[in-house]
């Protein structure tokens, strides 16, 4: 759930970077409950049952008792608890400085992977312990990362411990080689946030300057959504950072585009951050003058044109910053939106009647927004020459927009403006919206019959389908050429249940799937604990193979043993084995069919876990089902129990249950892999389960994306896909009396989507056959 919330918040750039608990605080509150009743204050504090006396005394800063224990048992100093914490971690978390000093003197291990004691001190802002560890030269490697890929430097910056951040930087700069130091400076976390970006988000200009000037931080570093430090500064209205970053990064940084197709000034416009917009314009003027050696009014027009190329640029949706300023429906301060518009027009030279990709002006946008917010902006735009008679691509003016959105005050204001300006525009307020493509006349003709209009629309739709098909095949050939020539070196495949359907494992959500066949079942601890028989019966029915009579050489070797890998599985393996371009296969499947094709395990990440591993939820004993004991027990209708004599609880597969986070491998690898990806292939997944579904947007905006699936989904969907889906649904209901998600249509659809995507819609294996046939045809 946390990962889903983070992905939802990307657009607003509310970065959830603060650790969800301070490590020291967590121990106190987990192990020492609040005492609200007087009698409880006399009770001894509670600690984890696993904690030895050494851990307890270390936590409580009991120097003499700790010394006594480690003198008797020297090896106990490096013992760890279930969190992999040593007595040093525990002492640091509670700021037990005397015990920390003692343990450091006794050569306790300081480089335990993930959170080191140094990480904890940096996170908690404990300057004394940081200084003590530095003075004693007992500091771990600066590039040791936490579970979320955070360095100690990153954690100190995240929590605004500037003095500690300075000391950490200074220490490692003198003790590391330059390459290792640079690696630490630019190390991003699992969300792609670097120390520089975090310093911007924390509005710490001193740290920004120190990272860049002393650490040579990469000013072009970007988050998971491709937002740079300048994007972030624009969003939080950090004008001092904007000025400084632009001085260094220049126009190249200003033109950087994030996942949403926005430059930094687009983001400032969305927020109505007029101060940031003003700073952008002022700094850009200085940069343009400097770059073009302009020294007078003779170059003023050139300067303005160069400026407009940057501040009037359209985003992915065809909107300029001015349009975005006017889309103020969610604005908390409409005055800021008005000031932003004034800055863009009066100081940036943006045209008041400039149009977006839909031929709409800023006034069109305002006419759609509730008049309680947009009325002051409408008055301003009319006062400086905005034309309310310009028609958008549907033939509507701002007057039509206001009328049909029931913004009566704006509607009347626009009508009054027509009278005042003696406009000759002939207003037909009942005019219907009619899409006017670039190939048709912009003038509307009321004499056109409805039949001819319908015919034109139909032929236009057919033309679009044919164009999309031709463009899709052309793009597919380009992808194939790229694979043949070795141009694609880091291909990522996202695969789902659809690629295993032809192996006899139906996707969960179809009429033959696991969820439909057993309404009581869910992948949840609640079902496993309360109804283990229901849980394992569903697992047995869905995953355990129906083994037919076979010869002596065949053997039931566990899950899906009688099920063979599909053409889609072998296609993924070919990317690795034949073409050497597979970087990683991220799969939602918990079956081992991909491994059976010969794909190396290090090339596969099971995002939702795998049935290869099992464990006991009580004693935590791990099981690898090499001997097939677990599946044989499930296959005969029994329950798999823990083999520990004192435990004997029902064990569970190492798959992700509802509400559980995805694996550490998934979180760490995705951020690094998707930055390298040069081709993304999506196969057999509905892209509705997050955070897996969000991965499709994590490749760079110029990376081709190829979808093999029964139907278009996620960002690949267009309006024609919706029409096809509705038509197929009606057809299936007419034939069987019920709706189905199964693919009864043998026809493959190959089409282009957007400016980079290709879809091959239909059965995944047939899509692979088509790909391979085309591959071998030239």
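Heads up, the Cβ atoms here are built off N, Cα and C, so glycines get one too.
Keep in mind that this is a model prediction, so the values were computed, not measured.
For the ranges 438-458, 459-479, 480-500, 501-521, the feature annotated in Swiss-Prot as region 'Disordered' maps to 438-458. Matching 727-746, 747-766 against Swiss-Prot, the residues noted as region 'Disordered' span 727-746.
Sequence-distant neighbours of residue 608 (active site, proton acceptor) (same chain, 6+ residues apart, CB-CB distance under 8 A): 588, 589, 590, 655, 656, 662, 692. For the repeat 'ANK 4' (191-221), the mean pLDDT of the prediction comes to 97. Using DSSP to sort the residues of the repeat 'ANK 4' (191-221) gives these counts of helix, strand and coil: 16 helix, 0 strand, 15 coil. Sequence-distant contacts of the repeat 'ANK 4' (191-221) (same chain, at least 6 residues past either end, Cβ-Cβ under 8 Å): 6, 15, 17, 151, 153-154, 157-158, 160, 162, 165-166, 169, 173, 181-182, 185, 227-229, 232-233, 236, 238, 240-241, 244-245, 248-249, 252-253, 256, 671, 675. For the repeat 'ANK 9' (394-423), the residues of the chain that approach it from at least six positions outside its boundaries are 358, 361, 363-364, 366-371, 374-375, 378-379, 382, 388, 429, 431, 433-436, 444, judged by C-beta separation under 8 angstroms. Secondary structure of the repeat 'ANK 6' (260-289) per DSSP, as helix, strand and coil residue counts: 24 helix, 0 strand, 6 coil. According to DSSP, the secondary structure content of the repeat 'ANK 3' (148-178) in residues is 22 helix, 0 strand, 9 coil. In terms of DSSP helix, strand and coil, the repeat 'ANK 9' (394-423) has 20 helix, 0 strand, 10 coil.
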